[in-house]
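J.: What TrEMBL records for this protein is below:
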type	residues	note
DOMAIN	7-347	domain 'Kinesin motor'
BINDING	Gly99, Gln100, Thr101, Gly102, Ser103, Gly104, Lys105, Thr106	ATP binding site
COILED	455-500	coiled coil
Amino acid sequence: AAMVKETIRVYARVKPLGRRQQAGSYSVDVEEEPLSSLEITVPRDLADGFVNNKREIYKFKFQKIFDQEAKQDVVFDSIAKPVAECVLAGYNGTVFAYGQTGSGKTFTITGGAERYSDRGIIPRTLSYIFDQLQKDSSKVYTTHVSYLEIYNECCYDLLDPRHEASRLEDLPKVTIMEDSDQNIHLKNLSLQQATNEEEALNLLFLGDTNRMIAETPMNQASSRSHCIFTIHISSKEPGSATIRRSKLHLVDLAGSERVAKTGVGGHLLTEAKYINLSLHYLEQVIIALAEKNRSHIPYRNSMMTSVLRDSLGGNCMTTMIATLALDKRNIDESISTCRFAQRVALIKNEAILNEEIDPRLMIVQLKKEIQDLKDELELLTGKQRTSELSQEELLQLNDLIETFLKDNDPDSSLDVGADMRKIKYCFVHMKRLMNHPTTSDKKLLSQDIPEEYTNKEAGEELEKLKELLQQRDNEINILVNMLKKEKKKAQDALFQLNATSAGSAVLERSLSINLEDRQSPLSCFSLKEAKDFSSSVHRLPFLFRQ
């Protein structure tokens, strides 16, 4: 499968200043290629409080920086659209927003409710994806969405259709399972099918309604939880057995600020601890991934890192957007967000095209292959029926031959199946027609086939045939050896599919019966000779083969 190797792309977005906020000092330099850089200046009066006061100017590199005026559509086009394109092509993708509470994460990911133009990355991605799917009629697509919230290390399904939740605890709890290949499965998370943009948006609104928002003094609608909205796409070309499955995670992380600042006690403190703990584990995973020779990556430490395991250093195209509130009061938090972003930018991911084979179609193909092999085997081992052909069958063959001879198409073929008696009769009949073109069919039929061999050339003919028979016998031995290999291939494919169907049992029986009694000193022929032989067998007339 095709593979795309690249580091996680990291972008920054600066939130517009509020009315009563004092502007912090920063500058954006877009000229530097290929990355843009952001310089943040820490004023002296703040320096001794939070940051080691020797350094006043901090410089950070980003793929691109969106300043305060940046519009939602521009952000979508640069950040999420390239990821959505990869997902449509069969790769996994993730876009996640990281930053302190109130720095514009939810606005960037979901959008603002005031104006239509404030739509965020999720609704725009849904529009874009369904738009593309409608344009592409070459494949059959199915789309599902899921919406997961992680709060205090518990996962909840936000798309539970049974009820509108008044408390988060009312929602179904989602648990994490890991299979033997270390793939993560989310148990109890509902996948809702969405056939168009409107259905998908309704599901998004249902999830947002179910989201719990706890109020803290820092922000009247502070997001205290991580949310992961996932779009699952599977596509298949009609008639093909290959299915492509990909998923796109759009992640709104909880606020990254430190506890002291939220000015709250009681249960919000345990929340802040949990939230920071899971972000702390996220940071640990990222540090571990950035180190060259680390073998163990601590994904299992938190729900968040388990769910996003593939997005971080795995099979995924990942993009991160760091949201910054660059007013004076939040400068220190912005610097720590930028530092985190720089570490994320070091991680390399390998996105692989997710293709799999539909087992049902595969079984049909294998059954057909088995039947073909049986016919071929019957032909080569000469285990033939010995009864005479009936008068009716002979007349039928005569008609076939006549049609075949009259057909002017050079590609037409005479197909009488893998029955050696019929093949032999056809050759004899054709030979007669060649020798006595004027004789009518009626006469030919009344003659008995064996009489053909009672003429004076019978002796020579017999000698010739004996020699050929010996030669053919040798060739058959070689072909049987090749068939043994074929048998093994077919067997392996069947075992893989657990298709212990009656067909395979019959095939094995017939193969083993026919192969056991054909041991020959010639089985040590080289493969090249075997190939030459097999091609010559196809070229010689079947009559001689007998």
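Cβ atoms here come from the backbone N, Cα and C positions, even for glycine.
The model shown is predicted, which means the values in this text are computed figures rather than measured ones.
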J.: Pick the one among the binding-site residues Ser103, Thr106 whose Cβ has the fewest other Cβ atoms within 10 Å in this structure.
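T.: With the binding-site residues Ser103, Thr106, fewest surrounding Cβ atoms within 10 Å: Thr106.
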J.: Within its own chain, what residues at least 6 apart in sequence put their Cβ under 8 Å from the Cβ of Gly104 (ATP binding site), listed in sequence order?
T.: Arg13, Lys15, Thr323, Ala325
J.: Please identify, from the binding-site residues Gly99, Gly102, the residue with the sparsest Cβ neighbourhood, meaning fewest other Cβ atoms within 10 angstroms.
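T.: Checked Gly99, Gly102; of these binding-site residues, fewest Cβ neighbours within 10 Å: Gly102.
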